[in-house]
Amino acid sequence: MLDSKLLRTQLQDVADRLASRGFTLDVARIESLEAQRKVVQTRTEQLQAERNARSKSIGQAKQRGEDIAPLMADVERMGNELSEGKVELDGIQAELDALVLSIPNLPHESVPVGADEEGNVEVRRWGTPTSFDFEVKDHVALGEKFGWLDFETAAKLSGARFALLRGPIARLHRALAQFMINLHINEHGYEETYTPYLVQAPALQGTGQLPKFEEDLFKISREGEADLYLIPTAEVSLTNIVSGEILDAKQLPLKFVAHTPCFRSEAGASGRDTRGMIRQHQFDKVEMVQIVAPDDSMAALESLTGNAERVLQLLELPYRTLALCTGDMGFSAVKTYDLEVWIPSQDKYREISSCSNCGDFQARRMQARWRNPETGKPELVHTLNGSGLAVGRTLVAVLENYQQADGSIRVPEVLKPYMGGLEVIG
């Protein structure tokens, strides 16, 4: 969340910057609540001082043998008024807190200004879109030909937007995840992490999914116990490792990587990508998270994005890198790069990774800090996250880019050790 001091001292500037994201900040409401808060706080502070003085005078009057009943009555009345004032102040603060939690992050000055995905800027391309001398099949046709990609059975089990993988395609899916994890551990210096797939609400509030995006989550209600949510991304569990912590400067940067299933209701995606594995309720992802000192976060974003790009390069999959514009960035991000991989059957690039610097936005919500050696004081860390990569979409890209005329699939060179030396599927 944003610094409350910033909202008090530079409210209109914040509103102007948020407008570039297409977000309208309710300036009048915040100003009204802040004014109410100041009035009530001043009144309660004055009342507390007066009550303290009256309480002190009770002892003095008692020593003089005076009737202290009127003073006692005044102190009791003031105590009741203070209790009422605290309730009023808590109510105002709760509304302010709820407003602040609904406000997205401020975009970095280097982020291109735009209303939607049309305003995104291509930064670079790698590889040439794959060309074929035969009619291209999509991943659904390729997978269903041998019965290894089964949406009908998945629908029988779980409904729409699920997939059942079997045989060599299931193995290829596993190979991709293992390859990604090993690459990030061995070449990029990440620590492999196994996290819970169920988290409590404070973890999701910490990374920004709650309260604003609850409809996108799968919730498990438990009588007499805290609700649990299936993680929409391992970003939630990995980033919250440092929730409430004060880290030593020598611990930074922290670099975590995890392979997990992810669960999303896709509430806003009705009618979009209904065929195949592009948009699922359950999908696997290898997620990278970095916790860094504030001065290092922009350089860390470039490094993180490069780590994700390396996966695509080694798989020899054509892709492009986009700098997202202000209107297309995620809620918690200060700057984001998206990687889009070439999907031959769609004749276009599709998102396969999103790499974001969230600045101190998540850290403030989580109270994740480090001790700055220059000041000796705890300060907020910066957090970053990125897909390295979405395993299902990478599988789609491999199936389609490595297809052959007979419907068989060549196994990418870097995956052969994970496939027992198998060179062709089908």
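Note that the numbers count up from 1, one per residue, in the order the chain is shown.
Quick reminder: no glycine exception, Cβ is built from N, Cα and C everywhere.
Marked as L-serine binding site by Swiss-Prot: T233, A234, E235, E287, S387. DSSP assigns S387 (L-serine binding site) to a strand in the three-state reduction. Other Cβ atoms within 10 Å of the Cβ of S387 (L-serine binding site) number 27 in total over all chains.
Annotation source Swiss-Prot lists ATP binding site at R264, S265, E266, E351, I352, S353, S354. In this view, E266 (ATP binding site) is surrounded by 14 other Cβ atoms within 10 Å of its Cβ, with every protein chain counted. DSSP gives E266 (ATP binding site) a coil state; it is part of no helix or strand.
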10 Å Cβ neighbour count around S265 (ATP binding site)?
-> 17
For E351 (ATP binding site), just count the other CB atoms lying within 10 A of its CB, please.
-> 15
Quick one: what's DSSP say for E235 (L-serine binding site), helix, strand or coil?
-> helix
Across all the protein chains here, work out how many other Cβ atoms are within 10 Å of the Cβ of I352 (ATP binding site).
-> 26
